[in-house]
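TrEMBL has this to say about the protein:
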| type | residues | note |
| --- | --- | --- |
| BINDING | 63-67, 73-75, 145-148, 238-239, 262-264, 299 | NAD(+) binding site |
| BINDING | 173, 176, 197, 200 | Zn(2+) binding site |
| COMPBIAS | 1-10 | compositional bias 'Basic and acidic residues' |
| COMPBIAS | 323-337 | compositional bias 'Basic and acidic residues' |
| COMPBIAS | 338-350 | compositional bias 'Low complexity' |
| DOMAIN | 35-313 | domain 'Deacetylase sirtuin-type' |
| REGION | 1-37 | region 'Disordered' |
| REGION | 323-356 | region 'Disordered' |
C-alpha cells in the first residue's frame, strides 16, 4: 500500500543550489574512519547532527518503517503484500491498486482496506525518532510513501509531512469530488458497505494514489524548495524502486550526506548511467564514494542506534512508551464507551416493546 503510481518527472527549472557546510573532520580522525568503515561513518553522521550545522534534515520513508507495527511491506518474498493477495482473485497483484480495475471491481480493495485500515496500528520507534528530529529543530520535512497515517499519529503535522502516495486521512467521490473524512470511510468499510457518495451515488475512494493517477501537486511544489536546502538526507524502509519518489535522492546538493537505514542496500547508481554522465543514485562502495552511508538493519534498530550516538536513546524509548500508553488508554475508553452504548440500547428495547 505504500507503493504508488509511476509518473514521469517533468523537467524542472534550474534553481540556485544551496549547499550545506560539510562536517569538518575532528583532530582525532583515525585511519579506520578515513577508510570508510561503516560504523565510523554512522558515528560521523551523528556528530554532524550534533554539530549545530544540520537544521534541514529530510527523511524519505517507505513501508519498511511500519512493518514492526504489523503492516506488511509490498515486495518481501512470502510475507509482502503482493505475495499474499491470492484470496482476492486478482488478474495480477498490482491490479488492487489500479484505478481502472478499482472502478469496475472495488470489492477487493475495500476488503484489503479493512485489514490495513488506520487506527489498528501504533507508530514505531522509527516514527517517533522522526518526531524527535522535529522537536529538536532538525527536521525540514518527511516525504513518505506510506498511506497508513502513522506519521500523523506520531505527531508529524501537515506542514511536516508530504504524503507522496496519498493518505486514508481524507476521501473523495470519484465523480463529483465531494470530500469525506476518515471516520465516515471507516464506518462504511467496517460495515461491509462499498462507500458511495450521498450526493451522486458514485464510488468514494480514499485519497491514496493508485497506479494511473497523478501524485499530489504538493509533492512537486515542495520538493523544489526542500531538496536544494537539505543538509542531511535520511532514507529508511524503502526499496527506492518507484518513480518519481525514488529519484528524490538525486535532488539534494552534491555535498549533502545521505544515510540509508534499511534491511538491504537500495537506490544505488547504475554504473552504465554513471559512465554516460547521469548520476544521483546512492554510491556506497565505489572508489568515488564520499557521502553515502548504509546502515543495514531494521529501521527501528537503526534509529535506536543513531539515537544512542546522539544521546537521545532514553528520551526516545520514554517517548515510545508514553505515546503507546496514551493510545492504548484512548482505545480502551472508546471500547468502554461503545460497550456502554450497546448496553443502553439493549436495556431500552424491552421498555419500548412493553409500551406498545
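Note: Cβ is positioned from N, Cα and C throughout, glycine not excepted.
A TrEMBL annotation is a machine prediction, not a hand-curated record.
Counting only the Cα atoms, the space from residue 263 (NAD(+) binding site) to residue 173 (Zn(2+) binding site) is about 38 angstrom. If you take the Cα of residue 66 (NAD(+) binding site) and the Cα of residue 176 (Zn(2+) binding site), they are about 33 angstrom apart, rounded to a whole number. In terms of local Cβ density within 10 Å, 63 ranks first among the binding-site residues 63, 176, 200. In terms of C-alpha distance, the listed binding-site residues 173, 176, 200 place 173 closest to residue 63 (NAD(+) binding site). Mapped onto DSSP classes, the compositional bias 'Basic and acidic residues' (323-337) shows 15 helix, 0 strand, 0 coil. The Cβ of residue 66 (NAD(+) binding site) has 28 neighbouring Cβ atoms from other residues within 10 Å, across all protein chains displayed. Within 10 Å of its Cβ, the residue among the binding-site residues 173, 263 with the fewest other Cβ atoms is 263. Between residue 238 (NAD(+) binding site) and residue 176 (Zn(2+) binding site), the C-alpha separation comes to 34 Å. Calculated from their C-alpha atoms, the gap between residue 173 (Zn(2+) binding site) and residue 146 (NAD(+) binding site) amounts to 22 Å.
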